[in-house]
């Protein structure tokens, strides 16, 4: 008899019959099991049937996926994928509209299954669907429901990657683009059309060019002004895709009307006021809360917008380029006025002009006084720093002149070098905003203030250069303190950004509250446990308390594992998310896990989790790139965000249970809890943070009675013995 691990107990349903309770031997061929099931109901031709899940997306069971069947799973006996595909193909071309509609509903549902999709595509199903859409103006006006299911089925089939998107015809593209550009279209059709266009753009450069001929930016903007946030989300996702695929030469010109632009010029349009204001007013400042997927798309849009700066950031200045040198001359002219130009002074010679230029460039704060162009040869920030300086000088001229003249009038040792500061600040902002990096799949931390201005980066630079100048004065800094000042400014900016101000003015106010003295106060408060508790008695007390605190943290981690967590299965973003749950037995001896229909809101019982792993069988915990599921999936492996949340349990005999935590907090909880189960140290960032917090709190509580009392570094000396003990009184 096979070992119990090869036997799975399931229930199998068939319409109009009592369910069969069956023990499936996973070593038997699937065809043999299906024949046994058919014999139980006296069904002929078992080759016409297969098994599929009764719950969730109702996926087919194949030889490749049969090991995913868990104890207690409910299965259905169903028509085989090839037979189902053939039947649906016939029904989709029926003369009866009711039959065709029912067929399309079923097709849209089954197309999410890769086994069925393969069979249907092999029967030229994609071609049939595209022809239905291409001839679909009549369908649109009278049978929008059928068209919506047709587009859903098409998108699901194409998402499997079985066939190339390049096989799509121009007629089909025109039809889909027509649904997007028409003013009154059914919401379901519009949603699927936007999703199809997004996939086309992302998967084929040639299709991008064809779509560009059919849609204008203005047509996409109209979908951002609707009240349906799902439509807005799909519209921004398409905008992001177009932006990402825009040719480099289309990303530079910022002087065109965005509404009339074809989508080949999508990257230009993002710098235009109309598009930005529509997103700001109808999406970010709308009356509805921003959902997770919308927040992600806004984050992607923000990243791609800032990435337009990458070319300038990585461009070195050419000291021999007169046009570039003229920008530096312009900075000098604006700061010191044209009257001081040595070329206007009668009889001024070349040497005299050079001397005056050198003096002015020194006052402007450049490192290379003779040839300041050399200051811009380092990348990053390259020419982007010069762009920022010129923007400040022209748009905020009073601020620029005040900063330059204020510093040039100080003593040499206390002047804040504007040129050097601007270059380093630009580099710092690029690092903080991660200019040039691709968006992460799991992030959604967009900043509303960056959508409030067409030149958000330049405006941010203007605010931060004033902050730098203010902080320099507060620190009474000299040239030797330059790096210290930059560290403080970085801290001020990174402390202000997480508050997500709604406008640049709010950001400026937040920075104003984070003065140098406030930063010192915050640093002192954060270092309190390190700076205030370093005397030997306090260190000894901390060492005595620490094991108790670690035990407390360990119990909390194990309790959280006993409560359990739900983990998302990686899949297509558009498809309904699937979850599975894992929790530790109350006796800490077994891990229970199993699939879920959806994300649970309450407690998941042990009885509903069919699988289990004895803790004694766990050999190791691996994380990140060492996880088997990170090695297998190249797309996931490249996603840094997912990689940082991945971990796997290795257990006997050579099996793995793979996790991707929903967030960093859950990741730390599970890594700590599993490490504690195996008797290893808990080394996560969360444990270090909790240990510091709890230790600090416990120390403060125990030292309350010693407030304002100086604790000596060494114990007091033992006094000498008294000369006599006559003072002792004996009762009696």
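For all residues, glycine too, the Cβ spot is worked out from N, Cα and C.
From a predicted model like this one, the values you see are computed outputs, not experimental measurements.
Residue with Swiss-Prot feature phosphotyrosine, selected from 48, 179, 516: 48. Annotated range for motif 'SH3-binding' in Swiss-Prot, selecting from 712-719, 720-727: 712-719. Non-local contacts of residue 48 (phosphotyrosine) by the CB criterion (under 8 A, 6+ apart in sequence, same chain) comprise 79, 80, 83.
Following the DSSP three-state reduction, the secondary structure of residue 515 (phosphoserine) is coil.
Here the domain 'ELMO' (323-497) returns a mean pLDDT of 88 for the predicted model. Mapped onto DSSP classes, the domain 'PH' (565-686) shows 39 helix, 39 strand, 44 coil.
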